[in-house]
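Some notes on the structure that comes next.
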Amino acid sequence: MDSKESLTPGKEENPSSVLTQERGNVMDFCKILRGGATLKVSVSSTSLAAASQSDPKQQRLLVDFPKGSVSNVQQPDLSKAVSLSMGLYMGETETKVMGNDLGFPQQGQISLSSGETDLQLLEESIANLNRSTSVPENPKSSASSSVSAAPKEKEFPKTHSDVSSEQQNLKGQTGTNGGNVKLYTADQSTFDILQDLEFSSGSPGKERNQSPWRSDLLIDENCLLSPLAGEEDSFLLEGNSNEDCKPLILPDTKPKIKDNGDLVLSSSSNVTLPQVKTEKEDFIELCTPGVIKQEKLSTVYCQASFPGANIIGNKMSAISIHGVSTSGGQMYHYDMNTASLSQQQDQKPIFNVIPPIPVGSENWNRCQGSGDDNLTSLGTLNFPGRTVFSNGYSSPSMRPDVSSPPSSSSTATTGPPPKLCLVCSDEASGCHYGVLTCGSCKVFFKRAVEGQHNYLCAGRNDCIIDKIRRKNCPACRYRKCLQAGMNLEARKTKKKIKGIQQATTGVSQETSENPANKTIVPATLPQLTPTLVSLLEVIEPEVLYAGYDSTVPDSTWRIMTTLNMLGGRQVIAAVKWAKAIPGFRNLHLDDQMTLLQYSWMFLMAFALGWRSYRQASSNLLCFAPDLIINEQRMTLPCMYDQCKHMLYVSSELHRLQVSYEEYLCMKTLLLLSSVPKDGLKSQELFDEIRMTYIKELGKAIVKREGNSSQNWQRFYQLTKLLDSMHEVVENLLNYCFQTFLDKTMSIEFPEMLAEIITNQLPKYSNGNIKKLLFHQK
């Protein structure tokens, strides 16, 4: 008998296990199991007849296939082959196949031909018998189908002749059907070879007309998708749109979902089902497309996305995902579109590690939508209470359909640029005291002016004032406020202008009613821009106290020592004042020190004359509120000559009735009244600053006198007084140098004043001083 003729699958399967009279006897194993094989064995008719007649009631069959026990021919392990076709491996070499109540008494009664022992052909027949219909209830129709499945006479003439002779002997016997011997009854026509295996109560193997390979892909706790259920899960053979399940994924396509959630299945003619088995040497390997077995270490899922893979019907190239630990060494495949692969050669698939699924959300959420554009990618999970992103994007900001919120910079550029504070560069809140500043600098300036604080810089009076460091140095911040042009008079002026505008509005309303009246408009309006004079008013040092005890009897030594100590503090205040003058800090640092060393006595003498003029009507010398030199104290030794020069200044101020604005401009010009003969390092800038304050003095004169022809005459008188200050200061310095060098007088000098005198003495002795006079003698 040829080996090719050993196994031939029939078009329709016989539900009962029978031995046919054509080309041997046919025995059907496990008809309920899909993928089962039809085993044909050659049995002598006499033995079968004897077995049938001897015990007609016996219906159980025990077929034992030990190694080398069937006619000295190598017996293949049929149980192992059949079980491997189902994805189950039974490790026992000697497997017993249990059938219904019919048994063979001896092993030698059944013999297999050598051509029918080819295991590879058996595997091919198992693969071709994957799909079968349920067991029919009519045994006659089954028998007829079994007979029709037999080969034709012209194909097997020899076999037909042998069997036909045996059929004549079996005619008319009980338990036969058309010459075929019935091995089982109609209700016991199945042959369970998996009886020894333990299945759960819901296993499809315990049900009739079912197969474990018809079950849909399920989700369990230990793996992403599994063809078999766990110990506690049952197979779900049927599903509807209301169940949370994942539709079956075809190898080359993706499922279509209707609006109601039903799965649209393609016809079998267009889409072929995936092949369930692959041949690899001596065992059968199951490949489930689109499934990766996960390890049991942790419930972590791998999510892969390939953009452009939503087109159904296109041929997709498989990408092997290596590194997956499997027991059989299988290779699993993902599907991706070849067109998208060619467009994105440099891009790699995005794998996102998804955290473990909570206990209450272990099922897949249904895929909703219709059409090709609404297909859900494989591996997309929905978690309760979490935002679901598309597979192709790791964050919502990467998605082209999600627009990012407009940034603050883009909105800032669309509108007008913010106005900055001129002091600290913070965002300005408005115009305060004549300057565009923030609220913080506004409050600071008001408190600094009204509180008359004597701020001192711990550095070199060049601290950086910005939004962060504006509170570090109040002295530099106050100076910067003055340089920006802040003054308290601007607020008063603004109120005056507002009152004038309101008055003008009221008058205009009255004149509109009476056209005969003329509109009253003020001749001049005060300027809102702060002037240098207003800045000089702000930076003017406060009056210092000498701390002189008037209860103690006066003496020349005591008065001179107290005046020197007061002079030292006044010099410090003068340095601070000079650095706050607009434009002075632009000079070179050496020029600033030189000007202060040359003019410190000018500043002290002129300020003393101003205080005496304002408080004592030029009859007394008011050094401090608690130290006033009267006529009685002037009579002390070495006091009258010095007091006489100082009274001259106060008397001239009283005679000219100098205003406060004029005094401030004249005092600033005295700071710039003496320079070295060689000139300053920034001489041009110095000349420009000096000319600026000369003009300011002229403005102060015009402000006091108005549009009068006496302005130039007053300017001459004031500048003449400035020139006379050189002679007064020269006499005072000579006496100061004398008392400093004469140690017998024991007059104390503060450290600051002593340092200045020490540096100034050589310059005076060498004649390295140039006087800047307004008028030639």
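Including glycine, each Cβ sits where the backbone N, Cα and C put it.
If you check Swiss-Prot, you get these features:
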- 1-14: compositional bias 'Basic and acidic residues' (COMPBIAS)
- 151-163: compositional bias 'Basic and acidic residues' (COMPBIAS)
- K258: SUMO2 cross-link (CROSSLNK)
- K277: SUMO cross-link (CROSSLNK)
- K277: SUMO2 cross-link (CROSSLNK)
- K293: SUMO cross-link (CROSSLNK)
- K293: SUMO2 cross-link (CROSSLNK)
- K703: SUMO cross-link (CROSSLNK)
- T8: phosphothreonine (MOD_RES)
- R23: omega-N-methylarginine (MOD_RES)
- S45: phosphoserine (MOD_RES)
- S113: phosphoserine (MOD_RES)
- S134: phosphoserine (MOD_RES)
- S141: phosphoserine (MOD_RES)
- S211: phosphoserine (MOD_RES)
- S267: phosphoserine (MOD_RES)
- S404: phosphoserine (MOD_RES)
- K492: N6-acetyllysine (MOD_RES)
- K494: N6-acetyllysine (MOD_RES)
- K495: N6-acetyllysine (MOD_RES)
- 1-21: region 'Disordered' (REGION)
- 130-182: region 'Disordered' (REGION)
- 394-415: region 'Disordered' (REGION)
- 485-777: region 'Interaction with CLOCK' (REGION)
- 421-441: zinc finger (ZN_FING)
- 457-481: zinc finger (ZN_FING)
Taking only the residues in the zinc finger (457-481), give me the average pLDDT of this model.
89
Just to be sure I understand the packing, how many Cβ atoms besides its own are within 10 Å of the Cβ of K703 (SUMO cross-link)?
13
Using DSSP, tally how many residues of the zinc finger (421-441) sit in helix, strand and coil.
3 helix, 7 strand, 11 coil
